[in-house]
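Notes for the one structure printed next.
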Amino acid sequence: MASSSSSSSNVPVLTLLLSLLASFLMVTSAGNFYSDVDIVWGPGKAEILNSGNLLTLNLDKDSGAGFESYNKYQFGKIDMQIKLVPGNSAGTVTTFYMTSTGPNWDEIDFEFLGNVTGQPYTLHTNVICQGKGDREQQFYLWFDPTADFHTYSIVWSSKHIVFYVDGIPIREFKNMEVFDIPFPNNQPMNIHATLWNADDWATQGGRVKTDWTYSPFTASFRNFSADGCVWSFGKSSCDSSFNGNNVWLWEELDFSKKGQMQWAQNKYKIYDYCKDTKRFPQGLPRECTLNNIF
């Protein structure tokens with residue numbers, strides 16, 4: 001009886017400890033680039049400044065650069081403030097994305113395709129599920145992304161993926177697994193950012209090449225924030241019973257946010273795979289039709 005009583009009395013304590021652990025793992029992390037990321041490419045062309053609050057990536061004819069978060073996440077709200085390459089950025093691509101590894105990887109992409117001076121950047125978004133992409137939407141931005149920092153966010157939950165620019169949703173990719181449409185649900189992802197040369201396709205279909213007389217090209221990153229569920233010891237800390245203040249885990253776009261997204265799509269979207277019948281002559285992907293219903 002004594003053993004049974006002791007075991008029972010420990011249950012509330014255990015529950016409290018689990019709750020505290022989950023809260024710790026899911027708390028918003030105001031990132032510091034010194035402690036939170038690894039320079040995985042072009043180490044001589046990446047520089048961490050301002051006590052770890054600013055990171056710059058540089059591109060010249062020899063190489064670009066990139067970094068990766070130490071933590072893996074399975075669901076989260078990830079924010080990054082970015083100031084893109086100014087001036088003639090044709091041929092360059094700046095990226096901010098999440099990805100898993102392996103041949104059947106998942107990925108959620110922001111890619112910023114440079115342009116000649118005076119012409120707008122193209123914001124390229126994509127969702128890759130189990131190694132298959134082809135879900136691109138592209139946008140122009142309603143501001144100069146080289147003049148100052150702007151916030152780009154990925155919200156990834158079991159319900160949907162939402163791409164935000166300065167708090168305005170521009171795209172939603174819904175979970176439609178019930179209709180056998182793949183969704184990135186089961187693989188933890190690292191956060192990545194890169195600056196690289198892609199002048200074979202990035203600007204006007206590759207017709208405009210990188211002008212190396214303007215190099216080095218520089219993109220700047222700051223105010224990295226990861227409010228997510230950390231993948232550790234083969235498990236994610238995501239659990240609906242421990243959602244706390246992490247409303248992104250369960251919330252859907254409300255009427256106001258849907259209106260903002262419609263505004264962005266109507267005024268600034270320049271490409272949508274769901275409208276590209278030439279690319280899909282056998283019929284558009286199923287989620288394109290279902291998006292109009294759900």
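The backbone N, Cα and C atoms fix where each Cβ goes, glycine too.
Remember, TrEMBL labels are computer predictions, not curated facts.
Record features (TrEMBL):
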SIGNAL    1-30  signal peptide
DOMAIN    27-221  domain 'GH16'
ACT_SITE  E107  active site, nucleophile
ACT_SITE  E111  active site, proton donor
CARBOHYD  N115  N-linked glycosylation site
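Of all the Cβ atoms in the protein chains shown, 18 others lie within 10 Å of the Cβ of the residue listed as 'active site, nucleophile'. Take the CB of the residue listed as 'active site, proton donor' and look out to 10 A: across all protein chains shown you find 19 other CB atoms. The CA atom of E107 (active site, nucleophile) is located 25 Å away from the CA atom of N115 (N-linked glycosylation site). On the 0 to 100 pLDDT scale, the domain 'GH16' (27-221) averages 95 in the predicted structure.
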